[in-house]
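Chemist: Sharing a structure below in structure tokens format, with a few things to ask.
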Amino acid sequence: MKVISSIHELRDQLRGQNRTAFVPTMGNLHEGHLSLMRLARQHGDPVVASIFVNRLQFGPNEDFDKYPRTMEADIEKLQKENVYVLFAPTEKDLYPEPQEYRVHPPHDLGDILEGEFRPGFFQGVCTVVMKLMSCVQPRVAVFGKKDYQQLMIVRRMCNQFALPTDIIAAETVRDTDGLALSSRNRYLQAAERAEAPKLAAELNRVRDAVLSGERDFAKVEQAAMAALAARGWQPDYIAVRKRSDLLPPGPQDANAQLVVLAAAKLGATRLIDNLEI
């Protein structure tokens, strides 16, 4: 596996490749990330991964400085997955000049749910993904359903900019107790880690209620948030939405495919999760 930081060297290395499969990450790789690499290999060859902790998607009071950086361990894991190239640019490599041009997602999708609680987050995500796509020029790119809203925004962005890249959705990988794998799980204290699966448990309760015929979505959302709050969580949202556009389902949407999404803080750690219904 070649580890490359230069955009020009990356393009030279990939010249002539027309089936490249790309997996962008921020590093601190776990089994969820590695499952993306395996899925990428099913859809293209060679597989290119990137590691870049993108300052643009972190708010002023978020965890950019303490976000876990484990490059040596990440390289070993990617080598075992037979990744062809790891693109690991520095901030100066990727942003040699101030990034004056930004990609703004549409308000209807970018300013709800995560966008409401993390202003500017999706602008930062779209900008770096667009830049990484320009560098790698992949045939396919793999994103996890764990970040459901991000997946939808990136897919729409690629469609509307006519990028020649198909976005492949990967299923969420969970620990044996149901907790969705995340690099931020390492922030959890021991007692918090034992409590953390309750987020997925509440999502399952909401999903079961909807599948049993409950159509008062606000009632089940509020009940789930109250249950978490009673256990010491600080929920930002638990929301049943249409998979197609992440808007609330109305009476006319009886046959719409749904997803329930959640974000909540447990101690100092903010966790997100979702389940398709």
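Glycine is no exception: its Cβ is also placed from the backbone N, Cα and C atoms.
Copied straight from Swiss-Prot:
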BINDING   26-33, 144-147, VAL173, 181-184  ATP binding site
ACT_SITE  HIS33  active site, proton donor
BINDING   GLN57  beta-alanine binding site
BINDING   GLN57, GLN150  (R)-pantoate binding site
Chemist: According to DSSP, does VAL173 (ATP binding site) fall in a helix, a strand, or coil?
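Modeler: Looking at the DSSP assignment, VAL173 (ATP binding site) belongs to neither helix nor strand, so coil.
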Chemist: Near GLY32 (ATP binding site), how many other Cβ atoms are within 10 Å of its Cβ?
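Modeler: Total other Cβ atoms inside 10 Å, all chains included: 20.
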Chemist: Taking only the Cα atoms, work out how far GLY32 (ATP binding site) lies from GLN57 (beta-alanine binding site), in Å, as a whole number.
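Modeler: For GLY32 (ATP binding site) versus GLN57 (beta-alanine binding site), the Cα atoms are 21 Å apart.
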Chemist: For a quick check of packing: other C-beta atoms within 10 Å of the C-beta of VAL173 (ATP binding site), how many?
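Modeler: There are 18 of them.
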Chemist: Would you count the other C-beta atoms found within 10 angstroms of the C-beta of HIS33 (active site, proton donor) for me?
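Modeler: A count of 25.
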Chemist: Neighbour count, 10 Å Cβ-Cβ cut-off, for GLN150 ((R)-pantoate binding site): what number do you get?
Modeler: 21
Chemist: Considering the binding-site residues GLN57, SER183, which residue's Cβ sits among the greatest number of other Cβ atoms within 10 Å?
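Modeler: When each Cβ's neighbours within 10 Å are tallied, GLN57 tops the list.
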Chemist: Which residues in the same chain, at least 6 apart in sequence, have a Cβ under 8 Å from the Cβ of LEU29 (ATP binding site)?
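Modeler: In sequence order, THR70, ALA73, ASP74, LYS77, LEU78 meet the Cβ cut-off.
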Chemist: Sequence gap of 6 or more, C-beta under 8 Å: which same-chain residues meet both conditions with respect to MET26 (ATP binding site)?
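Modeler: Listed in sequence order, they are ILE51, PHE52, VAL53, ASN54, TYR67, SER183.
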Chemist: Around the Cβ of LYS145 (ATP binding site), how many other Cβ atoms lie within 10 Å? Please give the count over every shown protein chain.
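Modeler: Step by step: centre on the Cβ of LYS145 (ATP binding site), count other Cβ atoms within 10 Å, giving 18.
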Chemist: Starting from HIS33 (active site, proton donor), work out which of the binding-site residues listed here (GLN57, LYS145, GLN150) have their Cα within 10 Å, and give them in sequence order.
Modeler: none
